[in-house]
Amino acid sequence: MAKAKFERTKPHVNIGTIGHVDHGKTTLTAAISKVLYDKYPTLNEQRDFASIDSAPEEKQRGITINISHVEYQTEKRHYAHVDAPGHADYIKNMITGAAQMDGAILVVAATDGPMAQTREHVLLARQVGVPYLLVALNKSDMVEDEELLDLVEMEVRELLSSQEFDGDNAPVVRVSGLKALEGDPQWVKSVEDLMEAVDESVPDPIRDKDKPFLMPIEDVFTITGRGTVVTGRAERGTLAINSEVEIVGIRPIQKTTVTGIEMFHKQLDEAWAGENCGLLLRGIKREDVERGQVVVKPGSITPHTDFEANVYILSKDEGGRHNPFYSNYRPQFYFRTTDVTGVITLPEGTEMVMPGDNTEMTVALIQPIAMEDGLGFAIREGGRTVGSGRVTKIIK
């Protein structure tokens, strides 16, 4: 058995297990961990089922989520795997973006086929922009009738297609997490096949650095004799000195040129994703720009006021509201670095939303914000967070 060596140059991919609560997500996660440890002991740590199953509570923006993080490697990639055991935990994790996924393994028990939660998870995966799903048909050892397995597979493929995933071509791998954990060679191989499918079919994520430049403005000040400087943390992309940029959001779009880039009082030729920097803007007055706008590569993002969103409303215990709200509720929506007031319209058939619920809603902001599908936001009242959501569709 050739030892694969640890290479930092391997692509890093975030994946997760999703699906109905009793279909064996956690068992499969433990099986993947064990099978890869046995196959590549130099690359992987030994993890037992109990350590994954006792998903620790995490606080993400004040929201309590039970979630397990497991790391493992194949020869080709390094994976960070999230497993949210409870249905509510999964929903919260997806909506709040606590753990972004580059792809997900939809776990469906061959004994049951897709259930209501399976459908809800697939819908949510599409809404929050999980780019790729593949399927683990778990508990396949318990179904002796091949035709029945084929039928369940067909049903799952139809479900994927109905939510705009590639149901025709997505890998569907028949596995048994439990048997693989017990070391049964046939089912150990099934988990190896599953991970090979993950390696081959989940596309390499586009790194933040390779996306078009975007920096939310946190602060604006004037340097006498030089002009206006905006500061913030570059969210994505790279920006070279003397590049043209646009300032988007809140006011009409302005075009300008970045004539200086500074970090920790040092002059730079380039700003990179993840760095805190100051950008000197040509011909822009201090009062022309404000916190909450973004500096971007021209044409890469547009300002919008009206959108559909999927939102989780904090429970009272999480420090949220104590009572429900209705349509026409007007809280603040905190995007990146600023609050903008917006009016909520609830979907037909939803009269009110209780603390602890998740819901879809339509929002009309009073000022435009640089927006794209999947953008996260917090809902706030008087400075405290009462909800967390993501843009699922831009209306105007």
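The backbone N, Cα and C atoms fix where each Cβ goes, and this holds for glycine too.
The shown structure was predicted, so the numbers you read here are calculated from the model rather than taken from an experiment.
Checking the ranges 39-42, 83-86, 119-122, 291-294 against Swiss-Prot, the region 'G3' annotation falls on 83-86. Feature annotation (Swiss-Prot): of 62-66, 67-71, 157-161, the stretch labelled region 'G2' is 62-66. Per Swiss-Prot, the stretch carrying the note region 'G4' among 58-61, 74-77, 138-141 is 138-141. Range annotated as region 'G1' by Swiss-Prot, chosen from 19-26, 203-210, 299-306, 387-394: 19-26.
Within the set of binding-site residues G19, A84, S140, the entry lying nearest in space to T26 (Mg(2+) binding site) is A84 (CA atoms). K25 (GTP binding site) falls within a helix when secondary structure is assigned with DSSP. Counting every protein chain shown, the number of other Cβ atoms lying within 10 Å of the Cβ of H87 (GTP binding site) is 15.
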